[in-house]
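A.B. asks: There's a structure below that I have some questions on.
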Amino acid sequence: MGGLVSKFLQRWTVFAGLVVVWQLLGWFADDPFFPPPSKILTAAYEWWVVEPSNFTEHIVPSVTRLLSGWAIACVIGVSLGLLLGRSERAMEYAGPLLVFLRSIPPPALVPVFLLLFKAGTSMQLATIVFGVVWPVLLNSVDGARSVDVTKVDTSAVFQIPRWQWVLGVVLPAASPKIFAGLRVSLSLSLVLMVISELVGTDNGIGSQLMQAQREFDYTRMWAGIVLLGVLGYGLNTALLAVERRALAWQPRSRDEQHA
Amino acid sequence: MSNMLEVADLGHTYGDHEAIGGLSFTVRAGELVCVVGPSGCGKSTLLRTISGLVAPSRGDVSLHGSHLAVVFQDYSRSLFPWLTVQGNVEFPLRSLPRAERRKRAAEALEWVGLAGAARKRPWQLSGGMQQRVAIARALAYRPALLLMDEPFASVDAQTRFELEDLLLRVRREHDTTVLVVTHDIDESVYLGDRILVLSGSPARLVADLEVPLPAERNQVTTRTDEVFVELRSKVARLLNVGKPAAMDVEKWAAAERESLSETVSS
């Protein structure tokens, strides 16, 4: 118990200290561009709690877009990645194309998607999916390739059905790398969600942020930024928890082996 | 006794390197045959062609049964770390109903003395225990032929003796047909009903020896038995005949490694 408390303190002391310093500086400086945390929290409370419609009309759609875009990218990335990773020929053909597509900065495609899908959810989803699919895809390719020869041979000798080969051998063998890709792409999803909401839309956290900035409401702007930080932190923590459960089979330390 | 495996004029060539040069032999049902040969002589290639992992360049392999199982040398890679011991033994049985699968896995683990470890992960076990899991998995599959590729080469001497006796017991109790590929002369004499002695690359059959030892073997008394000692020296002499130059061994070993790194898609 004492260990837990001290670990908690260790993790959060620097963070809390910075907030306190910011609070003090904010008070003394009294600069409209940099309001203290207390004011930001008050603004956030008034904005999203006192007026719940702001919450349901902006935050909920944003998070929904983020998660569905990420989920679509995960499904595409993992399935395509495992397929490409297990076929040497396919990767030879597709490799250069993938590297080329991955090199395009996704925000540069926002105008293209605007033309293709018009402003709105499909364009935002397209931006997120296109932007975040690459880490998942390339990590899945890498993971699928890492199935060692003995496991390939073992599977071949026992003549296991194809579904068991894919879901029972390749997927679990690739899963540590896949999760690394999922983490990167989840934080990228947040970035691309905001970017996709900056143009041609009037709902979502990104558009609210822009609006607050245009109206010189810097406290609200900061509230939006803090919200994005909290969101990113929360999502990452949730994914880490899932990862820990999914990869619980991995030998965690050398001492645990051959115990 | 009927034949379980018939190998006829089996040959395999990688590029212009001939790994196996026309091997013919049979394994009878219920028999334990050891294939012994110098390192890098094409034993692994032989095993891979028999198990169907590599299509031979020429010749025929016919198995009188629907399927075979392989126990690989590298148990830590052959077992799946994300599955429990029980899950690993059930791995080849996914087409069976769940209850049947459970029953067979429990049974096979019982045979190798690991009934208590069913819920552990393979990497929590010692090397010898992991190889026992691999043996249990192969037995649960009820193969017509159990192929073993240097199965005890990665464990310490003590464990090795234990596993050898375990193999002898299990195959006697369940009438399993076994083909063990090994480079260890003592092991081949201790385990085998028959020994196939191979020459250096390309692998050719030098001798097909019956082992005139009683079925019951004992690590202490059998190994000092006159018959054992005599047969061991005979095999050793056979292996030394036509011993290849060191450089060639290197070359063959490299060619074989290369062939092993070719991935086989399932």
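Each residue, glycine too, has its Cβ placed from N, Cα and C.
Under the heading domain 'ABC transmembrane type-1', TrEMBL lists A:59-239. What TrEMBL lists as transmembrane segment is A:12-29, A:67-85, A:97-117, A:123-141, A:180-201, A:221-242.
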A.B. asks: Out of A:123-141, A:180-201, A:221-242, which stretch touches the transmembrane segment (A:97-117) the most, going by CB pairs under 8 Å?
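C.D. replies: So the stretch in question is A:123-141.
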A.B. asks: Apart from its near flanks, which chain residues at least 6 from the ends of the transmembrane segment (A:12-29) lie with a Cβ under 8 angstroms of it?
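C.D. replies: That would be 35-39.
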A.B. asks: Counting only residues 6+ away from its ends, which parts of the chain sit with a Cβ under 8 Å from the transmembrane segment (A:67-85)?
C.D. replies: 91, 94, 124-125, 127-129, 132-145, 166, 170-171, 174, 178, 181-182, 185-186, 189, 192-193
